[in-house]
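Marked as repeat 'PPR' by TrEMBL: 114-148, 215-245, 317-351, 352-387. For 532-624, the entry in TrEMBL reads domain 'DYW'.
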Amino acid sequence: MRAISSRRISISPFRYLSSLAAARVDHHHHPQCIHPAPTNSPIHLHTEKPEGLISLIKSSSENSHLLQIHARLIRKTLFQDPFFFSAFLFRVALPPFHDLTYAFRVFSKSEKPNVFMYNIMIRAYAMSDSPIKGFQLYQGMLRSGVSPNSLTSSFVTNCCIKIGSFFGGIQIQARILRDGHHSDGRLLTTLMDFYSSNEEYSEACKVFDEMSHRDTVAWNVLISCYLRNRRTRDALRVFDMIRSSSECQPDEVTCLLLLQACANLNALAYGEGVHRYCEEHGFDKAINICNALITMYSRCGCIEKAFEVFKGMAKKDVVSWSAMISGLASNGYGRDAIEAFSEMQRSGVSPDDQTFTGVLNACSHSGLLDEGRMFFNSMSEEFGIPPNIHHYGCVVDLMGRAGLVEEAYNLVSSMKVKPDATIWRTLLGACRIHRQADLGEQVIEHLIELKAQEAGDYVLLLNIYSSLGDWDKVINVRKIMKERGIQTTPACSTIEFKGEIHEFVANDFSHPRKTKIYEMLDEINQQLRIAGYVAEPMSELHNVGVEEKQIALSYHSEKLAIAFGVLSTPPGTPIRVAKDLRICVDCHNFAKMLSAVYNREVVIRDRNRFHHFREGRCSCNDYW
């Protein structure tokens, strides 16, 4: 009998495995009664002892092996043993397999699931596209009388973060306090992330303050919270706080977050400090750190250092190339960005949609109309990448800057994707440049339809009317803004000095050194006027005399920041300023003249691009 049985098994392993695989694929067959595994199957040699079976479960790398193990567990009546059941469920539910349909069917076979089994499933759902099922499973767990532990609360809170359920998260926190889990560091870190994702930043900081032990993950979540709340300077201060902490030190994630903060705030000196820390701790070879450094240096207007990092990378992925191309584009090196795109293809790296955004931006900023159209057409024709709203925006910007405003409007009207507020604002900016008042009014109507009009849109319209001298319409627009409660936010410019960020708005008197700054700015204005600088009155939107306009223009935020830079740094030191809005014509002329008279390089980053002023010229060639 033994010989016959052995022969039967030895001649049918492929049919046996095929039937198991078929049952696995269609999810309609659950192997309750399956023949013993063939003698040459991977589980045959390892399941004589329980520890061998557990080891095999953990090391399984193929679906067919898991099905054979499932069958062996049923055959040996081990499937209702929580020890084996949990190990098998863990392997099926979580990556790399992460098959939630199969996992839930396995889970439902448990006669009395315990907290560990619930945790596995809730965690798996939190990592999936169906986090709501994890929250529902948590509610079922409570109804069944199974008490959650701190891990349960952490996993289900992650579900609430993904589904955006603030009320659900509050319920979970109440349960955490009730069960006495409020001292668990991992759980509190998840709570911080929950509050931060729901823009309850003060609550997130409160949770952090109440933590008895703060590890690096907790500090990283705090930094992320500050970044989401646009408290970028606070995020930078956290770096020094972690380094002075005896509990932990910044890790790779910390550095990634801080480099993002430095890029947003134009904090070059601080970013260089983070770069040195990465080098000291061996993080600088990681490809994601290198990519972040390229972005940081590019967004701080230091394209040479960005290229140094890029050139020193042993391996460059599509993100590396895209970051370098985008950096070259925003800093005025359009031709170099196109050459980098060609080199990327020669190196065998295929472009993605972000790469084309960078290339199209390069064409837009440099006025390369024919090249931009060629790249836009090649996206779908040669690379199979359908253009998205960002690509259309680049082409609209390119056409608008080139004076093809009507053609740009027709492109927006015929787009395959629905135009958003950003693309209409891009077109409105072109209307301002080329004084297309009628078309600008049509664009405003589209923004009103989208219920997306902002103060900046009306300011652009005011610019159009004031440039045409149509003061009646200027008065009318101001009246509409007042009736709708639309208020403009003053433009803000920042400059970094000795690791500290100094912020200015127009006619700002809040700075501790305000007297010296205004004295310096008056001196600069006097020197520039001697050299031939004349204020551009069209940049002032009020119907007042030329002299009043010149006075109003004298104290724009970027001029105050530049004056602070001249006052605070030695002669010849580059001055780097970041502005949250587009630089006006008068301030652009001011910076050009100052770079020649004071022999200073001035780098201004506005909301669209960089302007590198050297020896009386700008990298944008007055095309912005």
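The backbone N, Cα and C atoms fix where each Cβ goes, and this holds for glycine too.
Panel annotation: around the repeat 'PPR' (352-387), residues 318-319, 321-322, 325-326, 328-330, 332-335, 337-338, 341, 344, 394-395, 397-399, 401-402, 404, 416-417, 609, 620, 623-624 of the same chain, lying at least six beyond its termini, place a Cβ under 8 Å from a Cβ of the stretch. On the 0 to 100 pLDDT scale, the model's mean across the repeat 'PPR' (114-148) is 94.
Per DSSP, the repeat 'PPR' (215-245) is made up of 25 helix, 0 strand, 6 coil. Break the domain 'DYW' (532-624) down by DSSP state and the numbers are 36 helix, 16 strand, 41 coil.
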